[in-house]
Structure formats: C-alpha cells, structure tokens
Amino acid sequence: MSDTTKSKIKYLYTNYSIILIFLIMFVLLSIFVPYFFTWRNMVGLALSVVTIGLIANTMMFALASGDFDLSVSSTVAFSGITAAVIINNTGNVGIGILVGVLAGGLVGLINGFSIAKLGLNALITTLATQMIFRGMAFIFSNGRAVGISQAGFFTLGNSMIFGIPTPIVIMVTFFVLFGILLNNTVFGKNTLAIGGNTKAAELAGINVDLTKIIIFTAQGFMAGFAGVILASRMTSGQPNAAQGLELDVISACVLGGVSLNGGIATMSGVVVGVLIMGMISNALNLLNVATFYQYVVRGSVLLIAIYLDILKQRSK
Amino acid sequence: MSYYLEFKNITKTFPGVKALDQISFGVKSGSIHGLVGENGAGKSTLLHTLSGALVPNQGEILIDNQSMNFSNTKDALDAGIAVIYQELNLVPDMTVAENLMIGNYPNKKGFVDHKELRRKAEAQIKMLMEDFDPKVKVKELSIAQKQMIEIGKALMQDAKIIAFDEPTSSLSDREIKHLFEIIEKLRNEGKAIIYVSHRMEEIFEICDTCTVFRDGKHIETFRKMEEVNHDLIVKKMVGRELNDIYGYEERVKGKEIFRIENIRGKGVKRNINLTVQEGEVVGIFGLVGAGRTELFKLLYGLENIEAGKIEVRGQEVSLNSPKESIRNKICLLPEDRKDEGIIGIRSVSENINVSSRRHHLKYNFFLDKKAEKETADKFINDLDIKTPSRNQLAVNLSGGNQQKVILSRWLSEDIDVFLMDEPTRGIDVGAKYEIYKIMYNLASEGKGILFISSDLPEVMGVSDRLVVMRSGEIIGILDREEFTEEKILSMALPVS
C-alpha cells in the first residue's frame, strides 16, 4: 500500500471511527434484536432522541468553545412550565410558545453573560442556574404538572409532516443548519478556534466574549424550544421533566468525538453520538431489560467511548 | 571508557523536523559538561530524552555502561537522573519541606511523620547553604530559592546525574554565584552534571568539558576548555561567520506609517514617542521589565490606553481590542507562540485563515473554502512552510514554521504595521534567517515593522533604528550608525 493511501485510511479511521462503530452496532442490533429494524421502531427511536438531539446541536458549540453547560435540563422544564402557564392564562398558543422559548433564551443569556463578562467558571455558573431554574419551574407550577387546555398546542409535538412526526423533522433540520453553521461560517470556525486556544483566538482578532455569549444564548433558546416541544408531546408542563438530561447530551457529544477540552467537534459525530445513545436504550427496552440495568449499560458505553477516544489521540 | 553517562546515536524526530540527529557523547562522574547551541539546536529535547519525558526514535542512553530504556519520567528518576528545568516543577501552595520530599514523605503506617519531615528538610536546606524556614510556602520564595528547592529535591531522591536547563536565565549575579557554588559542590561529591546554557561566559566559568549542538546535530565535543575560546564556540554554534547572518541591506524609506505620541498605560509610563516609516524595521531593546511587551499590549488593544495618541498613516485610531487593531491595519506576533499564537489542535490552513477569511465570504456569511485553500497553499509555498499538507495540525510544526504560519495569518490580511515580539525566540538558526528575510521583504513592500528582541546582536543586526526602553520609558532612539553594544547596554541598564 502506498503511503498516501495508508495515511488516508488512517485519516478516515481517526476521524470517522465512531460512524463505523455506529454502523456495526446498527447492523448487529437489526439482526439480533427482534422488531428493532422496523419502520415503527425506527420512528420511535428517532422520537426518543428529539430532546437530546436538539440540545446536542448547541451543546456541541459550548463544548467546542471549551465550556460546559449543565443548566439545559432545568431550562427544558422551566420553558415547558412557562409555556403551559402562559397558554392557560392567555389562551393563545403562539404567545405561549414564544414566551416559553424566550424564557430558555433568558437562561442562556444569563449563563453567557456571567461566563464571558463576569469571568465566572462555566461549570459552576451553569450548575447554579440549573438549580435556580429548576426551582423557578417548581415555583411557577406550584410543584405540580400543569395540564394544558388548548389542543392546538399539541400539534407541535404530535403532528406529521410527510408521514414523519414533526419533532423529528425539526431535529433533522437543526442538524443540517448547525452542521452548516459549524463548518461553513466564521462563527463556527471561531468557536473551534476559541476552544483550541482562547488567548490565541483573541489575539487573532476574534471577539471571544461575544462569541461565548451567543453560544450560551443559542443553547438557552434551543433548550427552551426542546422544552416547549416536550411539553406539547406530554400535553403538559412538568416541573420534574428532563432531570439528568444535561449528562445525556454531553455523553452523546463526547461519544461523537467532541473534545471536552474544546477545539474539536464534528456534526456527523454528534448525530451518531445521539443515535447511539438512543439505540442503546431502544434495544434494551425491546429486550425488556429493566431501567436500572440500562443506566449501567449506558455508563459503561460512555466509558468505553472515551477510552477509545484517548487511544485514538495517543496514536496521533 | 569511563563515562558515567553516555548518549549513543540518539535520534528524535517530530513531524516535519528532526530535533535530534545521531547525538553521541559522554559525561564523567565528578564533572560538569556544558551543552551549548542556539535556541532550537536540540539541547532541551536531549534533556527531555534523558528525563524520560520523550522517548527517542533511535539510539540509547547508557549509565555506568548499562543500557537504559526510559519509557517515562519515573524510570529516569529511579535511575538517579534529575533534570532541573527552567519552568520549575514545584507545588506553590505547599511548604518547602513538603516540596522537598514530595512523593516520598517520611511516614508511620501512612501517617506523615511531621517531625522527621522537618528534620530532613532542615538538613537539606543547610546543605544548600540557604536559610529559609521549611514551613514557608514555596510561592513566597524567590526564583533562585525555588531553584535551590528543586536541586534539593533531586538530591533527596539520590540523583547521580543532574542536568540544569538554562538555570541562570532569571537570576541576579549574586544568585548565580551561589548557584555555581552549589553546582561545584555537587561535582566534588562525584555527581555527573550537565549544564545547558547559551551564555558563553558561564560555560567557560563552570564547565570542565562541553558539547556544541546545531540544528539537532552534534557538532563537536571539547574535552579541555583551555583549548577553545569564545569565538570558536560561537562559530561552531552558528555554523557561519557571525557578520553575515543578518543579511541587512539599506532600504528606501517612504512616508510615515505609524506614530505614537505620549501614550501611557499599564507598565508603560512616560516619554513614549516614536514614528515608523514605510520600509523601516525599528528594533526595541530593553531588559525584562522595561515595558516592551506591555507597550505592544497597548498598541494591540489588549490593555487600556490611559493617555496619548496613535496614528496609522496620519489617521488617529482608537485601539480597544485586537479586532480593532487589525481593522486599523496593526497586527501582533506574540512573544509566546505556543500559548498565544498558534491554535495547536487546528490545521495549518485554519491557523492561516483565522482572521483573513472575512475578506472572502459568500453572501457575507458562508466561508469560501476554495479561497481558503488557495490562501493556505500560497503562503505555505511563498514562505516555504515545512508541513506535509495544509491539513496538518499546527502543533506538529517546528517553532520556525509555526512562526511562519502566524506571519501568513497577517500577510493574508491587509496590514500596515507589524508588531513582532521576540519573533525568533526558540527558532533554529536557519529559520531565523528566513524570518529576517520576510521582515526585510515586508519593509521593502512599504510596511512598517516594530520588533522586540532580547538578543542584542540580533536587534542591532536587523534594525534600521533602535528604541531603547527602561522601566516603562523610552530612554533613547538610535540610528544604525550609532549602534554600539556599550551605548545600548548603558541606556538599557538601570541607573544605580
């Protein structure tokens, strides 16, 4: 084999190994797990990852810039509750959705401002806002689920476009948009540069603070939107919704090869990471494995994935 | 052969550069062996292979005629090797005693024996002829004292081979004298000592034997210091006659391109007035703390300008961020290339295009990837950047090539004024020459260059005019005909 073909294969392996793992897993599960490879199950699988998938788009940017966001789980609940309360009080679905999404954006803006302008540590800041807005969700809902009376609201989560559930269409659309944003725009490249070396990025003329604020605010909007869709699918706002979601989202990104140190991220990797997370739960459900064991399996898969990643980096 | 430590055919390659090429020499017990060479000659890389931090691709290290294979730093420590680096490996928030015995506390069944810890530490401090309290936190000590602790640590671990990497670079004369006393004491106790420095006087003062490196190659080992002199070593180090390495030629000067009037800010105090003309390379010399880097920070919008005026081509500009400086056609090559210049884990192409990609956007939003590839390939070709491809990660390039990548970043922008902070530091000699040529070419194209260097011969060899700074102030500006080492140093040194 010539050197160039060798290096090409190595390049493919190091950059797309996770996709290969995904394909192998998919084939194996299709063969060995009954009902796995059916249209119905595929749609169910895709629906089950909508919340994670949507937020993974913006989480990828936060991680790529070298930061964390732990607040997304509470933002989902907070936005869902806000949308539900507003819809019940105004009777207007449009305003409810808008305010719900804006509520999420507000959380993101607070995160971004605290991290970029006040110089607070991202991990601690978003841990704090996670607590604050989980609390706000309970306060706004008096600690109970808020049922929604307007049936029009449910179409967002439960309608179909060309035979495919709307939330899936929305998720796929965002995958495409954020893929373009990461690879084909100055904003995406600046995000990676900041994560790669913040000081060098600043000296190269990148407005680091503004970029970070935009990333976190977008993350807030996205979590808010995911929260509203979730409320629509559940026909209610749930103050307990999405607990622990932030770790699922981060896991999916890491599985997809996003570096926790920042500077490295691919959209294809993140999509595959999201699908792997969903696939594992889905297959375990089909096999009737109890939830308790599912945690163990998912945690183990994450450990293995990170270890593979380190091996890959060492070989470079 | 009576060498205690011997390097045999050590070769270490990094992607795109051969850092060490078949290095062989030996060091006897009870002797001090100097290693000299320009920055980037491979001295530090060799120490890294000795300390186990880097594994050589080829060759072996012998200790007492036994072949050693260090796969990590612990192996090397166990073999009695201690390398004392410029950046000290101490825990600032722990005490002197704790640092001295780190990893090896005297203990009773796992509980630290504080009495014993203190006793041992006190003995060690006395041995080092110092007098500080072992309970003091390391962060409260001076650099010289920290270095002593590092030496003490090596001795606690019973090191038989001690290597010093440029230990005097931030010490005062008095502290250097003390350090030398200790090093000589260690030699008399029979340690094999390697002493890396680029200061020739020190090599002659303290070393028994010495080896000259150049571009990763072993040039010559001198077994008797009486047989060599300063000029011979320098010649071996540089590889060509000293007077032609800068390749300076007179250029035509044009209109004024940059003017600074009485600016003030953090670390920059008074009398900061200077102008740069098209075609001019203006050097800035001063000691550490003279305010040179701080001045660049003001001019690049990294620190607040408290007073004064800056003009680019006669237009007054305000500079509040690097972005604004770039828009006003001023750029910076930072002093710390690795931490502030390159984005190591991104490709050469992305490092080049990071700023200038804004000039060729489609619909003002989408990247023009074809244009970016062309830009990258153009500069890789024009500046002769040694890289397998534009997709290579910048971290894998040698220092000189990384500097060329950063230069390409600004050459692809529309820049009039280049601020270069120690642009040749840590770069091998050949690449230095290429950097000078790029600077001259830029000047010939009508750009203005302000450049900081701590290397006096360099700054004298390259500059048209020389600005001398001292404690945040411009002391004087000399024309090329007026350059003499004595004059420049007398202006730069503090008045006592």
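Using the three backbone atoms N, Cα and C, a Cβ is placed for every residue, glycine included.
Feature annotations, reproduced from TrEMBL:
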- A:16-37: transmembrane segment (TRANSMEM)
- A:44-64: transmembrane segment (TRANSMEM)
- A:70-88: transmembrane segment (TRANSMEM)
- A:95-116: transmembrane segment (TRANSMEM)
- A:122-140: transmembrane segment (TRANSMEM)
- A:161-182: transmembrane segment (TRANSMEM)
- A:213-231: transmembrane segment (TRANSMEM)
- A:252-280: transmembrane segment (TRANSMEM)
- A:292-311: transmembrane segment (TRANSMEM)
Using Cβ atoms only, state whether the transmembrane segment (A:122-140) and the transmembrane segment (A:70-88) have three or more pairs under 8 Å that are 6 or more apart in sequence.
yes
Do the transmembrane segment (A:252-280) and the transmembrane segment (A:44-64) come close, with at least three CB pairs under 8 A (pairs 6 or more apart in sequence)?
yes
Two-stretch contact, the transmembrane segment (A:44-64) and the transmembrane segment (A:95-116), at least three Cβ pairs under 8 Å:
no
Would you kindly check A:95-116, A:213-231, A:292-311 and say which stretch has the most C-beta pairs under 8 angstroms to the transmembrane segment (A:16-37)?
A:292-311
Could you check whether the transmembrane segment (A:213-231) packs against the transmembrane segment (A:292-311) - three or more CB pairs closer than 8 Å, residues at least 6 apart in sequence?
no
